[in-house]
Ligand SMILES: *Cc1c(COP(=O)(O)O)cnc(C)c1O
């Protein structure tokens, strides 16, 4: 068996402990005589899988009882529409901070339901920083941010002060990577395929007083109150993905929780960023203060060298290092499940490649 260090932005690596456990339980989940994939979502066994997943996530993120945890489908992209459908009803207006491609996609969907105020944007400098000076508008339903910008490699380190206005955040690419204070948010959403499990599953954490404020014609599946009331079992949920996410949560708890993970992530990011800072060949386009811990874009001076880097790295078992199609260059995504050894190997390879090509 050969395993590589996969630097993909998503879907991405899962902890080997999780994959091994899933493999052991594949044909016979805890004496049930069946796989979790074959199991009724109304069975006792599955009830405990989904309840345990929720309990673990609540522990990991310190989620108070005043918030609901939902396991939904459709990826973060469905949340781009679900958020305005459920929240934009009163003023039909919301503030968005535009920090990259995913913010823009979120805004495109919100515009279908109301007015979108772009109160700040870093598009003037190719989204290489997080804007700091902005004023929250009056008479709006919510403020939306993209907590970590997967493509551009930036992250919010200080949150906007929105007062009584609910703050909504897309944390798809950094959930569980560092501690966040859930009580600062009205709603947090994240696709699972970066730090939690298989693609398709989407986790939503919503403050309970925000349930039931949807537009009247919102379909049941897209209503947070319906999903919360049904405890994510209004219809057949993505059972197997929830099971895997539950194992990922268990793995994180064993490791010492989000605080311990954050420390490791800081260390991993530091290894790569210092390799890039020392480099005379590679550059990082991102404002130092706003750097992501999860997604690290960098580049050699020419496309030819970028391509050469990708193919030589591949041979070393360091895969999927191309930048997003929209920005080019290189990108290393080093999510929770990327072992520190993978990051060290990449930093070594960066130094070796530089010596050979400068
Ligand atoms: C990956 C990603 C998305 C899209 O997720 P899907 O599950 O493919 O819809 C949205 N926002 C951010 C920040 C992402 O990283």
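Note that Cβ sites are derived from N, Cα and C of the backbone, with glycine treated the same way.
Annotation comment: TrEMBL describes 4-346 as domain 'Aminotransferase class V'.
Classification of residue 42 (L-glutamate binding site) by DSSP places it in coil, neither helical nor stranded. Residues near residue 42 (L-glutamate binding site) in space but far in sequence (CB under 8 A, at least 6 apart, same chain), listed by position: 233. Per TrEMBL, the feature L-glutamate binding site maps to 42.
The Cβ of residue 235 (pyridoxal 5'-phosphate binding site) has 12 neighbouring Cβ atoms from other residues within 10 Å, across all protein chains displayed. Feature annotation from TrEMBL assigns pyridoxal 5'-phosphate binding site to 76, 77, 102, 150, 170, 193, 235, 236.
What TrEMBL records for 194 is N6-(pyridoxal phosphate)lysine. Cβ-based neighbour count (10 Å, all protein chains) for residue 194 (N6-(pyridoxal phosphate)lysine) stands at 30. In the three-state DSSP classification, residue 194 (N6-(pyridoxal phosphate)lysine) falls within coil.
Checking the binding-site residues 42, 102, 235, 236 against ligand 1, the ones with a C-beta less than 6 Å from an atom of that molecule are 102. Taking the C-alpha positions, the distance from residue 102 (pyridoxal 5'-phosphate binding site) to residue 194 (N6-(pyridoxal phosphate)lysine) comes to 14 Å. On the 0 to 100 pLDDT scale, the model's mean across the domain 'Aminotransferase class V' (4-346) is 98. Residue 194 (N6-(pyridoxal phosphate)lysine) is 23 Å away from residue 236 (pyridoxal 5'-phosphate binding site) when you measure Cα to Cα. The sparsest Cβ neighbourhood within 10 Å, among the listed binding-site residues (77, 150, 193, 236), is found at 236.
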